[in-house]
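*Asks:* For reference, TrEMBL lists these features for the protein:
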BINDING   Cys438, Cys441, Cys483, Cys486  Zn(2+) 1 binding site
BINDING   Cys447, Cys450, Cys470, Cys473  Zn(2+) 2 binding site
DOMAIN    213-379  domain 'Helicase ATP-binding'
Amino acid sequence: MPAPGSTPPTCLQVALPVPVPRLFDYLPPEGQSLTAIQAGQRIRVPFGNRELLGVVAGTGAAEPGVELRRAHALPDAEPVFTGELLESLRWLTRYTHAPAGEVFATALPASLRAGGPLPDTHAWAWLLTEAGITGLAGLRRNTRPRRLAELLEGGPCDEDRLERELDGWRGAARSLARRGFAERIATPAFAHAPAPQPGPLPSAEQQAAITAIAAADSFSPALLEGVTGSGKTEVYLHAIADCLARGRQALVLVPEIGLTPQTLARFRARLGVPVHALHSGLTDNERARVWTAAWRGEARVIVGTRSAVFTPLPDAGLIVVDEEHDGSYKQQDGIRYHARDFALVRGKALGVPVLLGSATPSLETLHNALAGRFAHLRLRRRAGEARPPAVRILDVRKRPLQAGLAPETLEMIGAALRDGGQVLVFKNRRGYAPVLLCHDCGWSAQCPRCSTPAQGTPLTVHAGGGKLVCHHCGHRQTRPLACPDCASLALQPQGIGTERLEELLAERFADWPVLRIDRGTTQRRDGLAKLLDELGDRPGVLVGTQILAKGHDLPNLTRVVVVGVDEGLFSSDFRAGEKLAQLLVQVAGRAGRAQRPGEVWWQTHHPDHRLLHDLINGGYDTFARDELVQRAAAGFPPSTYLAMLRAEAQQVDTAGAFLRAAKAILHEAGAGAMQAAVQLHGPVTAPMARRAGLYRMQLVLSASTRPVLHALLDAALPAIHALPEARRTRWSLDVDPVDLY
Ligand code: ADP
Ligand code: ZN
Ligand code: ZN
């Protein structure tokens with residue numbers, strides 16, 4: 001909208017997916033008038049000698065004397081981004097300081113981003129015509145057309161069902177259609193859902209949470225903090241049913257590994273409406289279909305992973321973020337958004353409740369709840385008969401370990417199996433061993449692309465010891481037969497990975513199934529479900545990484561062992577303690593979900609560590625409050641606000657030169673009051689100094705308030721973009737970085 005008295009708009013301002021934070025001016029496509037085009041519409045424009053798909057950001061006055069190019073075409077009659085979503089994406093552009101075109105592109109499903117048409121969201125069904133009803137009896141018996149006509153006598157039948165029930169139905173349908181006996185009709189997609197099944201009667205705590213959420217008729221953020229198995233999902237289901245009853249749409253975000261067929265089946269059974277899933281296992285077309293169905297208001301319940309936070313919600317009524325502490329909500333490249341935080345922004349703009357659920361809330365969310373900015377709903381007890389597991393710290397100092405397991409642990413596993421239970425052995429390291437070491441000279445196998453003279457990145461030994469793989473860049477090589485430095489044959493795998501644990505356990509407990517569950521064995525989305533289905537309720541051992549920390553219900557799981565608790569205890573990352581505590585509590589939560597009591601063992605060389613004691617004595621709550629005090633004292637989030645400039649280059653000097661120049665600009669831009677409120681740390685070598693052949697450096701900004709951080713970035717970024725050094729290095733800005741590795 002031009003301000004009164006200003007010059008009328010003469011061109012379109014288009015956001016393009018190019019790494020420059022500005023808009024580009026174009027004339028409207030041939031024969032179209034500027035006023036008929038709306039912000040949020042997709043548009044195809046010439047760019048250099050290519051064509052790009054962008055999004056109309058608005059209109060403006062062209063710079064005098066510049067000859068503008070004409071846009072090619074508008075693929076849709078209407079904007080793909082309207083109202084709240086358009087505004088929220090503009091907010092995200094400002095918050096991430098990223099190019100608007102890249103933000104819009106990130107928010108679109110891949111096929112729409114590539115320029116594909118908005119897909120049909122209806123399904124097809126067949127029905128008998130009047131002529132078909134009267135003519136049916138005249139059809140030859142026991143032919144496909146006759147059988148199809150008989151099937152359709154019961155009413156219209158969708159093609160999915162025909163596919164299941166009648167071989168060769170397509171030919172039969174064509175034959176009926178030729179005679180005018182049947183016709184094809186469009187029906188709303190996925191419109192056929194069974195009647196909802198009732199759930200368990202809510203407990204008093206659950207009911208209190210359900211009532212509190214139902215009472216909110218505008219934006220109201222709430223933390224639902226409930227121990228694992230306390231029935232948080234039941235609370236979501238009630239809140240969603242309530243939202244549906246008010247005629248509104250509900251969006252549910254779940255972590256990547258939480259979106260299991262089990263979860264979806266539970267939602268579908270309980271809600272009695274179609275539940276649309278959005279996750280990385282879908283084809284581009286399927287994703288675009290769900291997105292478009294939501295955009296048209298047809299999809300009423302959408303359950304999806306991180307990028308589902310961009311789902312259009314014209315009739316929004318509720319947003320749920322399950323396991324809100326989960327690391328997969330933060331996008332680590334491109335537009336570095338946090339789906340939980342963006343869900344809150346959208347909830348505010350939409351004026352709907354946002355429910356954040358977790359047994360182990362992030363310190364950011366807990367901080368907000370304790371400060372009264374979020375309602376704090378709690379479920380302190382496990383639902384039904386289930387009792388909390390007993391946790392035991394096992395001091396393994398001076399103990400003889402086999403594949404990392406103490407004798408007591410092995411005995412305990414045997415006893416649990418003989419008792420008919422299942423045991424989970426958790427180790428957060430894939431592969432056979434994390435290091436291959438020469439016992440004679442000390443040489444170890446390191447990744448040639450991720451190591452520097454000062455810092456080696458070991459290659460992980462895989463496949464029973466025969467292969468070496470880098471877990472950071474994917475580099476692979478065969479294991480050398482002899483030490484390349486001293487020719488010794490004494491090369492030994494050091495340390496424990498899941499493969500090595502599996503090897504030992506399978507040998508030791510040969511009478512029971514031992515299943516390894518990690519990214520190596522569950523490449524396919526349904527891989528995990530298949531493995532667990534095979535095991536069923538039989539006694540057996542599961543060995544795995546954090547894939548096992550949540551998702552599937554394992555009612556017969558009675559014992560959990562965590563091997564290698566110590567790895568997170570002394571990390572330089574200020575979030576390491578939080579992540580470890582969350583993992584320990586989540587993994588423990590897998591035990592004793594049903595009637596059988598559970599027991600959890602943490603093996604450690606540091607039995608007196610504060611984190612373990614906090615967790616044992618006061619639970620996650622005590623740990624988290626303690627940690628919040630320490631974060632505040634050390635000046636870390638959530639008491640302060642961080643942004644990180646990261647530079648990667650072939651030469652370490654190139655990355656450093658860029659960050660030094662950027663720092664000088666930040667200094668200048670921050671002169672005065674801002675300087676006191678923002679601290680610049682670095683440039684320093686990143687904790688992981690080199691990765692996939694590139695040296696990595698970082699400069700961290702830490703501010704006492706968000707507005708001053710953003711004001712400084714706004715003031716400095718144009719000059720940083722214009723630096724000649726910026727073209728020689730791969731650099732990025734991450735606001736609220738989660739991993740400073
Ligand atoms: P969470 O999401 O907190 O891990 P769930 O909602 O999955 O917990 O509930 C854990 C188990 O307890 C499920 O099997 C669920 O059916 C059951 N459950 C939940 N609420 C109740 C209740 N009020 N009464 C009986 N069983 C319940
Ligand atoms: Zn050697
Ligand atoms: Zn590597």
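A Cβ is built for glycine as well, from the same backbone N, Cα and C atoms used for every other residue.
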*Asks:* Can you see whether DSSP assigns Cys438 (Zn(2+) 1 binding site) to helix, strand or coil?
*Replies:* strand
*Asks:* Starting from the Cβ centroid of Cys447, Cys450, Cys470, Cys473, which together make up the recorded Zn(2+) 2 site, report each further residue of the same chain whose Cβ lies within 8 Å of that point, ordered by sequence.
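*Replies:* Neighbours within 8 Å of the Cβ centroid, excluding Cys447, Cys450, Cys470, Cys473: Pro448, Arg449, Ser451, Thr457, Leu459, His471, His472, Gly474, His475, Arg691, Ala692.
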*Asks:* What is the pLDDT of the domain 'Helicase ATP-binding' (213-379) when averaged and given as a whole number?
*Replies:* 93
*Asks:* Just checking: which of the binding-site residues Cys441, Cys447, Cys486 have a C-beta under 6 Å from ligand 2?
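*Replies:* By the Cβ criterion, which requires under 6 Å to ligand 2, the hits are Cys441, Cys486.
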*Asks:* Given the Zn(2+) 1 site residues Cys438, Cys441, Cys483, Cys486, which other residues of that chain have a Cβ within 8 Å of the mean position of their Cβ atoms, reported in sequence order?
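*Replies:* For the Zn(2+) 1 site, the extra neighbours are His439, Asp440, Gly442, Trp443, Pro484, Asp485, Ala487, Ser488, Ala490, Leu491.
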*Asks:* Based on Cα coordinates, which of the following binding-site residues are within 10 Å of Cys473 (Zn(2+) 2 binding site): Cys438, Cys483, Cys486?
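*Replies:* Those close enough: none at all.
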*Asks:* Reported as an integer number of Å, what is the Cα distance between Cys486 (Zn(2+) 1 binding site) and Cys470 (Zn(2+) 2 binding site)?
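*Replies:* Cys470 (Zn(2+) 2 binding site) has its Cα 23 Å from the Cα of Cys486 (Zn(2+) 1 binding site).
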*Asks:* I need the CA-to-CA distance for Cys483 (Zn(2+) 1 binding site) versus Cys447 (Zn(2+) 2 binding site), whole Å please.
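*Replies:* Between the Cα atoms of Cys483 (Zn(2+) 1 binding site) and Cys447 (Zn(2+) 2 binding site), the distance comes to 15 Å.
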*Asks:* For the binding-site residues Cys483, Cys486, which Cβ has the most other Cβ atoms within 10 Å, all shown protein chains included?
*Replies:* Cys483
*Asks:* Near Cys438 (Zn(2+) 1 binding site), how many other Cβ atoms are within 10 Å of its Cβ?
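*Replies:* Excluding its own Cβ, Cys438 (Zn(2+) 1 binding site) sees 21 Cβ atoms within 10 Å.
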*Asks:* List those of the binding-site residues Cys438, Cys447, Cys450, Cys470, Cys473, Cys483 whose Cβ lies under 6 Å from any atom of ligand 3, in sequence order, or write none if there are none.
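*Replies:* Near ligand 3, sequence order: Cys447, Cys450, Cys470, Cys473.
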